Amino acid sequence: MDSCSLEIVNWRNHQETLKYQFDAFYGERSTQQDIYAGSVQPILRHLLEGQNASVLAYGPTGAGKTHTMLGSPEQPGVIPRALMDLLQLTREEGAEGQPWALSVTMSYLEIYQEKVLDLLDPASGDLVIREDCRGNILIPGLTQKPITSFADFERYFLPASRNRTVGATRLNQRSSRSHAVLLVKVDQRERLAPFRQREGKLYLIDLAGSEDNRRTGNKGLRLKESGAINTSLFVLGKVVDALNQGLPRVPYRDSKLTRLLQDSLGGSAHSILIANIAPERHFFLDTVSALNFAARSKEVINRPFTNESLQLHVLAPVKLSQKEMLGPSEAKRARGSEEEEIGSPETTAARASSSLKFSPLQKLSGMDSAMLDRLLSLDRLLASQGSQGAPLLSTPKRERLVLIKTVEEKDLEIERLKMKQKELEAKVLAQKTGDSKEKENSLTMPQPLSHHTVTVTKPRKKAVVMPLQLIQEQVASPNTEIHILKNKGRKRKQGSLDASEPKEEDEDCWELQISPELLAHGRQKILYLLNEGSVRDLRSLQRIGPKKAQLIVGWRELHGSFSQVEDLEHVEGITAKQVDSFLKANILSLAAGQGCGPS
């Protein structure tokens, strides 16, 4: 229809059409550059802000998803164009003199029959998908290759693409038998204080197409692959529906594909879905299915946020002491001289101060002094052994930083709790002082005479809702009793208009008390409506909707009039339980004179 909408014939009623509205629609004359520049290129800038982005190609088999993502040497697809622009952006933003230093890494994997396989290292086997404490999805053991230019990307990507599983079917000679995911990470480190760190991830996903095995002719292994593909795409649809409906549980874990895309579908990513459709008639139902999925996916709302953290100032280069730069033999001689001077307290204090100055344990100065002395002595002992001993802080750099950060956070938390405790103590002390002053003042002032106040609780009012016409008739006949709906198990008063004394009864359930004459009168009116009333008249009754009203009129035309109200059980779709609830809902109001029928 235009650049944002399309129209297709309704397969259930060929006189109608189905209209769809999207962010962009690209027809047969659109080029790869049009698709990339119109939908994909604008989201690349978010990666430099520490946010995630994902691009998914979805559609039936043979619709051109792989061509859209990879393209050809003459018409490159989304993946090569995105990598070329992203590397150019990182070179400009990470140049000398800029506040941030940037680095780019890539990983390439496929999901084949619910197995996560590393295409850069096919021998690694099935990998597991994990989730860190921040909710980010990660794959331990997945190969990461640093890239600084597009030539580096081609050197890793082209051989890995040949490792992807493909197969021939009746619809496609090189049909993708797996979901391919290219993961590009952009790491940023601030060159000056406060040394912030950012990480942005770009998912470029070529989904395998949904397949109809009757048309593809899949057998054996191809049939098993098709089952795994269709199952994962079905779970993808369930996830989208759950996100749209706001369900408490979203079935991400039902498939490896949705588990991997958890933070892209309903989390922290700018997501772009490219739905490939085919105009041929034999792809009609697949096209409708793809359009419906794309329309539902458009309703999902993601909330991107910046993945930023602070780099600890201890990461700055630390100058080593003269002792730490000595070799093993020189360190042994230095240790001997230290043992000779161990007797004097001045040397001990100087050694402790120098150790605190140069030791990596200086951030732990807030702990107990005895424990710190033992750690420092152990540090010196291990350092003096040279290559034969293990250094104290031989843990990986990342774990060491996490430990130091945890200690600092604990120290800050302790200080905050101490300040809060002091504030609470001051408040309690001030309150005690105020209470004592009020007590002294109360003792000096004369006390008023004590008196008792008697409060009388008012009786609870009770309201009874009754039809107006019934009340008028009963007012006309003062000896007629008013029958109301009572709750058994509670004490209710059953009164009459002649102001007789109320009686209290203990009952156990709800019951309707009504005179036989009124009951017969109500049933007569209901039967009259069932035999003579139109669809509109029947809909005026409670528990009768438009569908049941049409069923009653149709049954009446086929079988004649109803002899009694219970004949409603013979109408298709109406049960005896529904007839009973229908009588209870209508008989009181009709007996009182409300509704249609003879007076």
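Every residue gets a Cβ built from N, Cα and C, even glycine.
Note that TrEMBL annotation is computational and uncurated.
TrEMBL annotations:
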type	residues	note
BINDING	Gly59, Pro60, Thr61, Gly62, Ala63, Gly64, Lys65, Thr66	ATP binding site
COMPBIAS	345-355	compositional bias 'Polar residues'
DOMAIN	1-300	domain 'Kinesin motor'
REGION	325-355	region 'Disordered'
REGION	486-505	region 'Disordered'
Just going by other Cβ atoms within 10 Å, which of the binding-site residues Gly59, Pro60, Gly62, Gly64 has the emptiest spot?
-> Gly64
Calculate the per-residue pLDDT averaged over the domain 'Kinesin motor' (1-300) and state the result as an integer.
-> 87
All chains considered, the count of other Cβ atoms within 10 Å of the Cβ of Lys65 (ATP binding site) is 25
Name the residues of the same chain, 6+ apart in sequence, whose Cβ is under 8 Å from the Cβ of Ala63 (ATP binding site)?
-> Gly209, Asn276, Ile277, Ala278, Phe283, Asp286, Ala290
Across all the protein chains here, work out how many other Cβ atoms are within 10 Å of the Cβ of Thr61 (ATP binding site).
-> 24
Chain-internal residues near Thr66 (ATP binding site), provided their CB is under 8 angstroms and they sit 6+ positions away = Ala57, Ser176, Asp206
